[in-house]
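Worksheet: the structure to be examined is printed underneath.
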């Protein structure tokens, strides 16, 4: 490994060559195909919509549907004294379900999706596309031409334009937005730990109802065994058993709705007066000290609402709206109303109200269905956690971990081994540590309400920038949401010492990991930007780059989409030779959910043909996955050969004309694209050696305008293809930069710990780029640098 030590203060001392490069080295002026019609919202038939609504039950609503297992016990952990308390709590549940899941999420927030992708990072990606708020400025205007890169235009004096300028005004606003997103993300990861714990533990508690002498430890052991089995099965994916989820969850909703209806008729129909919101006011007016703290239990009735948004992936919004309004919402109302009716007549059974209210004839079938429904709900939350980690990883906010694609049919089904075992250990620790639903419920409520508040605050700029909503509508949405969520937040915070500290500790831990990783990632990118090599210096070296050009192809990996990385100059300064063909490879992630394969790779030539230098930019979205069976090296070589072939079609024009290549679905569209580009450019003569490419600009009076270059310019495509194939046969080497980031000696203690220890530890644990892209070890060369920040 070749090592160099560079300080950030040294990168500012560039001299005249650096100043010249400001005019020479600009980002590539890429072309992108316009295939917008491919990604227009599809129209679904009524029958297909109903089928999708049915399928969404098993993926989206499992967590929300299992809440009746533990809600009333967490509202009244010390029992019930008065019927009016039950009526008031039920009224709170009814209108909380109406205002938050139904009105806020199903009919408003679900519309704020990124081409079908939901969750905190989906909102952030929308904002990054509509305003320059990304903290890693590696995007180019041509990225906006992607078919999946949709954005709005604004009138200069409009409210949206003013909000956009305000967000872009200072770096601290971008950092505050990122911190808000990370808080929501880290808390959502906590949901992935708490949901399986409380759902499975609550379902397993049904064993003890029929045998009161059974120890609580037995219930905990059963829950732990189920959890271990659940996490150990994750690597198989849910493709083979996923078809069971929807019928199972539908059966669960029918079961709880029917039991609720029977209990209303059998025990106390007067409970229906809870549908009058006046009883909420009367509930608070009673002034008991337990009333306010009971809100944390009521909050559990809407757990899974954020997962409903995060698991949006494979279903249209209308299908989820149909499923919720026709099945989920009425069945949940019946279930809670029936439980309240049973509790009024059996005040001493509040701890096991759900299982005790089940008719004896169907008790054990109901227990089995409840356990399976809890497993399905846990599976949905675990899968959502994987997706959240994958999004954070793609946007530079999480260490590179192994992401396994588990389904041949569905791209969204992934498995992350490292995260899976961390979740399992923490989930078992929570279950075995607390042993009861009450403390886990306190923790769960805290996590849920924080995520909801983050979504509320992120929706404000989305409504202004993306939807261009009137400010009055934005204020109404914000006021109504905070009116409901802030009281729940204060109630949950008051229970921090009773279990609410768990999600806070989990969130803080993941937040430190994410923020430190992102901070050092940004610093590494800034280092690459400031220390990149002048294109004028490269061109001044001549076709041989001042070295011996040995047979072979060298892929130089860099963070930069334009310019020559510092590792290249460091490499050729220390070694006397470089490969005959050099390709600078930049892999970057964009704030879009996916980049279509035909638009993923952009290839262009750097300098004259006899330099044999190219640049390739590989673009990915936050849902795109590097599969094991993908040969990244072969993909790069194929793109290089296709580019040379397409460039030869422009024979007769300037050797270094600015051409880009994207693999197209049809050859006709490719030819049309190139023809249009050729007709729009102003051509220059070979002898003049003026280049339209900013990466390849060179003074008109160049010492390289001799006969050797002219002879080479007449080379046919077959000759260059043969040359590239010979270089390919000679060997391919992947040159990766290994930038080690360390804090300067005069840095504060916090910065030293974060950079020198936390980030260094994470770097050792995370996967290298060579592993992600399946680069063979025998063709890998690391070029090391130390950068002090």
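Every residue gets a Cβ built from N, Cα and C, even glycine.
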Have a look at 471-489, 604-622, 623-641 and point to the one annotated transmembrane segment in TrEMBL. 471-489
Can you identify, from 558-576, 577-595, 653-671, the stretch that TrEMBL calls transmembrane segment? 577-595
Matching 362-389, 698-725, 726-753 to TrEMBL annotations, transmembrane segment lands on 362-389
Stretch carrying transmembrane segment according to TrEMBL (options 134-156, 410-432): 410-432
Report the mean pLDDT of the predicted model across the domain 'K+ potassium transporter C-terminal' (551-789), rounded to a whole number. 70
Spatial neighbours of the transmembrane segment (175-198) far in sequence, C-beta under 8 Å, 6+ residues away: 63, 70, 119-121, 123-124, 127, 133, 135, 167, 223, 227, 230, 303-304, 306-307, 310, 377-378, 381-382, 384-385, 388-389, 391-392, 397, 423, 426-427, 430-431, 437, 440-441, 443-444, 447-448, 450-451, 454-455, 457-458, 502-503, 506-508, 510-511, 514-515, 518
Would the transmembrane segment (362-389) and the transmembrane segment (534-557) count as touching if the test is at least 3 Cβ pairs under 8 Å, pairs 6 or more apart? no
Which residues of the chain, 6 or more past the ends of the transmembrane segment (48-66), have a CB below 8 A from one of its CBs? 101, 195, 199, 202-203, 242, 244-250, 252-253, 256, 302-305, 307-308, 311-312, 314-316, 318-320, 322-324, 326-328, 331-332, 370, 373-374, 376-381
Remote residues contacting the transmembrane segment (317-342) - C-beta distance under 8 A, at least 6 residues beyond either end: 44, 49-50, 52-57, 60-61, 64-65, 67-68, 71-72, 86-87, 89-90, 93-94, 97, 101-102, 106-107, 110-111, 113, 250, 253-254, 256-264, 266-269, 271-272, 274, 301, 308, 349, 353-354, 356-357
Cβ-Cβ under 8 Å with the transmembrane segment (471-489): same-chain residues at least 6 beyond its ends: 96, 99-100, 104, 108, 159, 295-296, 298-299, 445, 449-450, 452-453, 456, 459-460, 463-464
